[in-house]
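Annotated features in TrEMBL:
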REPEAT    16-50  repeat 'PPR'
REPEAT    51-85  repeat 'PPR'
REPEAT    121-155  repeat 'PPR'
REPEAT    156-190  repeat 'PPR'
REGION    212-231  region 'Disordered'
COMPBIAS  212-222  compositional bias 'Polar residues'
Amino acid sequence: MESVLARMKNNQVKPDLITYNLLIDSYGKKQQFDKMEQVFKSLLSSKEKPSLPTFNSMILNYGKARLKDKAENVFQNMTDMGYTPSFVTHESLIYMYGLCACVSKAVEVFDGLIESKVPIKVSTLNAMLDVYCLNGLPHEADSLFTKARSIKIFPDASTYKLLYKAYTKANSKELLDKLLKHMDKDGVIPNKRFFLDALGVIGSSKENLGSANAGTVSNSPQKFAKTQLET
């Protein structure tokens, strides 16, 4: 990537915003943050101007590396430069806080969107639900799911998939049964892939279930999912 950028400069071809954004995102995904920051500085010193995707990418990639302060600094710089956050920006912030185990901060961002009265996309709801799922808070996820309809945010397939994984991982048959009733009421029919994804989560967390559950497999959500899959 560096050689391509150097060659462009040697050939007097000026990188455009797309090129800068691709480099920033690529370095960020590889967690090569020194290089990412160098490219961002080059962008600022060029005739091009950063776009919202520039900042969103940096926030998200810092979040994946649990670098909360750096992600917050990017957001602060963005607003100081006069940019208005998009729904993707807010989702990036929410998910970043979830990855950094700062659930209250994620809630603060989400609640701020609700109070602002702007239409909230289901993808933003899913980002907040994912925060609860990542941090082992299935009951909080269930409460938000119940509240969502009252604020006119309606679930999609990703919503149900997130919750199903969270509830099976938490080994909560009560929440799982409640979710399946919601799905039935909404006319959502789980397919084989849906259950396979959930079973994958169950398999990865099997060691954490403990020997105490060994005699109650028939009553567990895992068994229920397996039965549904085979029918």
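Positions of Cβ are set from backbone N, Cα and C atoms, glycine also.
TrEMBL labels come from automatic prediction, so no person has curated them.
Mean pLDDT of the predicted structure over the repeat 'PPR' (121-155): 93. If you look at the repeat 'PPR' (121-155), the same-chain residues 6 or more away from its ends with a CB under 8 A from one of its CBs are 87, 90-91, 94-95, 97-99, 101, 103, 106-107, 110, 113-114, 162-163, 165-167, 169-170, 172, 175, 178-179, 182, 186. Per-class residue totals from DSSP over the repeat 'PPR' (156-190), listed helix then strand then coil: 26 helix, 0 strand, 9 coil.
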